[in-house]
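Report on the structure given below.
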């Protein structure tokens with residue numbers, strides 16, 4: 001199950017209370033204080049692990065608490081520190097204050113370890129309060145309460161290339177043939193119901209990560225279809241690949257215009273991201289001469305429109321995932337763009 005957003009209360013452990021205790025030995029009837037300190041409460045720690053892919057482990061949990069520190073004991077024995085609660089999350093997880101929407105943590109690197117809530121300090125035992133005028137103090141400190149915070153965990157997948165397109169245009173087929181991802185593929189819309197990540201090996205030394213999200217429909221930025229819930233997953237991609245389908249009723253030019261508008265409505269930053277254009281199902285020209293002519297006109301209209309707006313795309317390529325034509329060229333084009341973006345960081 002793909003879970004990418006949860007609301008939960010997190011609390012660090014309370015400090016243990018200090019002990020009130022006095023030495024009790026056979027020949028020492030009025031022994032001095034020997035109360036130990038309380039242990040510190042456990043901390044809440046986030047750990048970023050790329051073997052974890054969703055927030056499903058947090059599903060249905062309203063609160064998670066670290067262990068309280070143990071109380072102090074006699075004979076100056078300090079209480080044990082409460083166990084830390086280590087929360088393992090996928091790369092791309094943000095910890096957000098549920099009330100203010102402030103981003104408190106941004107976990108983006110494998111192995112990243114962040115202290116989120118510090119456990120409460122243990123109270124001092126009565127040993128600490130002995131002085132000249134009070135040789136037998138009968139009080140100790142209570143432990144300090146741990147911290148508590150209502151947060152929202154949001155997962156934004158991190159990938160180099162994000163696929164953008166309408167439902168059933170060939171995005172899932174593409175990612176299945178160029179990467180190790182195995183999405184469900186069928187001839188109906190919204191086959192992809194959750195984001196998919198795939199590692200694309202270009203050659204022996206170079207690879208990049210591609211993500212496929214559920215198809216965007218007109219109005220996705222306003223909440224229609226599945227697009228809005230998952231558009232955030234391409235916010236962290238370095239490069240966008242628009243996948244346009246010449247078999248759709250909507251012309252290629254119109255597909256491109258609508259998709260760009262939806263991105264612009266969702267995020268100015270996403271709209272300004274570098275992108276390429278892939279025309280999928282290029283094998284469809286084999287369906288007959290008349291059909292091939294229609295597709296050629298369709299592509300020509302798109303190319304003319306792109307010229308009018310000064311060719312904002314990095315490249316335009318025709319690909320057939322079925323016949324595996326254009327795939328090698330596409331992978332090298334994407335790698336070139338990603339390398340350039342990495343070098344400019």
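Using the three backbone atoms N, Cα and C, a Cβ is placed for every residue, glycine included.
Here is what Swiss-Prot says about this protein:
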| type | residues | note |
| --- | --- | --- |
| BINDING | 165-172, 190-194, 212-215, 280-283, 320-322 | GTP binding site |
| BINDING | 172, 192 | Mg(2+) binding site |
| DOMAIN | 1-158 | domain 'Obg' |
| DOMAIN | 159-339 | domain 'OBG-type G' |
Secondary structure of residue 320 (GTP binding site) (DSSP, helix/strand/coil):
strand
Including all protein chains displayed, how many Cβ atoms other than that of residue 281 (GTP binding site) lie within 10 Å of its Cβ?
23
Can you tell me how far the Cα of residue 320 (GTP binding site) sits from the Cα of residue 172 (Mg(2+) binding site), in Å?
13
Structural state of residue 171 (GTP binding site), classified by DSSP into three states:
helix
